[in-house]
């Protein structure tokens with residue numbers, strides 16, 4: 001199949017609805033703001049971690065679980081049905097609903113009085129935030145043509161790091177000033193870290209109203225591939241949700257035949273047995289129960305895609321290049337997530353600097369250098385694409401290797417200014433890969449598959465990066481009595497990332513040029 005099945009953009013389209021128009025840039029600005037709140041609500045836990053640890057007497061492994069696994073697994077799993085819905089329904093409306101949900105759950109985090117309540121709230125934040133990336137990537141890809149897409153995606157992703165930096169800065173400042181202002185009689189009995197959660201959660205509810213007003217772009221118009229909308233949207237969404245929630249996963253598998261049910265039962269037994277073994281080994285019941293649930297549900301979602309949308313499965317899970325990209329960028333993500341979460345606790349434990357100042361320094365570094373890295377990486381990816389279809393992957397390889405020496409220095413220095421100075425290249429170089437990864441994934445699939453492809457990509461990368469990284473670092477920190485040793489142990493992901501992305505680079509050109517033919521062979525209609 002080739003783009004011969006496409007149709008030209010309707011002549012009656014207004015200029016504001018066309019790709020690369022001024023309205024597209026306005027809409028992108030709103031999406032950047034949404035992604036800022038997305039990052040603020042998930043990242044503020046880093047600067048508040050030490051306070052939460054003291055409040056609930058939590059070990060580092062449980063802190064890692066709270067930030068990574070509790071959030072990441074549900075973010076990844078619900079991303080699949082959300083991504084499928086994004087490929088069928090109005091993306092701007094779904095994004096507004098998701099924003100309202102994760103903002104409310106962030107407020108609930110601030111009202112939590114137990115570890116269980118905090119864990120459940122973080123899971124809710126993950127479910128709500130599952131709409132942001134697939135909706136944002138899909139909308140941006142339809143608002144901008146291929147020649148500007150990586151740059152636009154880089155700007156969009158830059159909002160993530162701007163928000164993360166703001167979260168560190170204002171989170172530490174609010175918590176510190178609240179404690180100084182109310183050392184005894186606290187309003188509503190709230191601690192400083194709880195007030196910080198409320199401060200970043202409440203404005204997001206108002207932003208959701210603004211997002212609701214955005215116009216929906218024509219799906220595929222930027223690639224001159226406009227297709228009619230789908231029918232039975234909500235029944236399909238219900239099936240997609242059932243495909244990731246046990247025991248409904250068994251019902252969904254049974255509908256696909258006895259062989260599918262047998263495979264699903266084997267996957268459930270394997271995930272359950274592995275989780276039981278790791279619980280016996282570590283004693284961390286919640287971590288491995290959630291991971292076992294997550295990996296089994298991930299298998300079920302892939303199995304459901306295979307039976308219900310064979311063309312999309314063929315271009316995602318069925319394409320080795322796509323799988324290598326998921327694992328490779330997931331390993332890079334693991335290092336990024338580990339450093340971004342644990343850098344603030346490491347600083348607070350290593351140096352006599354209060355959390356307000358620490359948050360301001362690290363927040364400024366994250367915001368300025370992170371955004372600069374993402375945007376520069378997007379621009380560099382566009383430039384490299386002129387020389388080779390694999391150019392974006394080489395940006396990813398460089399971004400995986402170059403930060404490692406600076407991370408090692410940060411973990412071994414006793415000078416706070418050396419520590420903060422090394423965080424500058426880590427924040428810049430370590431984030432150059434994001435636009436390259438997002439653009440690569442978008443180019444490997446058809447326009448109608450972009451939301452699903454994005455959530456599939458985030459499913460794998462998040463299960464690796466968030467599901468394992470923060471917890472393993474916290475566990476090693478608890479065993480060794482050194483958070484620095486725990487962080488350095490996360491660098492084991494670097495050679496894995498570089499190897500997978502190198503192999504991906506070797507096959508990306510063929511995967512892109514044959515995607516229409518392979519989709520057609522799998523049953524994609526003309």
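Cβ from N, Cα, C; glycine included.
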Quick one: which of 221-243, 359-381 does TrEMBL have down as transmembrane segment?
359-381
In TrEMBL, which of the ranges 127-145, 393-411 has the transmembrane segment annotation?
393-411
Non-local residues, at least 6 beyond the ends, that sit with Cβ under 8 Å of the transmembrane segment (479-505)
60, 321, 324-325, 327-329, 331-332, 334-335, 338-339, 342, 345-346, 349-350, 390, 393-394, 396-397, 400-401, 404, 407-408, 410-412, 440, 469, 472-473
When only pairs 6 or more apart in sequence are counted, do the transmembrane segment (61-82) and the transmembrane segment (285-302) reach 3 or more Cβ pairs under 8 Å?
yes
For the domain 'Major facilitator superfamily (MFS) profile' (27-508), provide the mean pLDDT of the predicted model.
90
Of the listed stretches 94-113, 285-302, 314-339, 359-381, 417-441, the one with the highest count of C-beta pairs below 8 angstroms to the transmembrane segment (453-473) is 314-339
Within the same chain, where does the transmembrane segment (94-113) have neighbours whose Cβ lies under 8 angstroms from its own Cβ atoms, ignoring anything closer than 6 residues to its ends? I mean 6 or more beyond.
34, 37-38, 41, 82, 85-86, 121-122, 124-125, 127-132, 135-136, 139, 190, 193-198, 200-205, 207-209, 211-212
Take the transmembrane segment (359-381) and find every residue of the same chain, 6 or more past its ends, with a Cβ under 8 Å from one of its Cβ atoms.
47, 150-151, 153-155, 157-162, 164-173, 340, 343-344, 347, 391-392, 395, 399, 420, 423-425, 427-436, 439
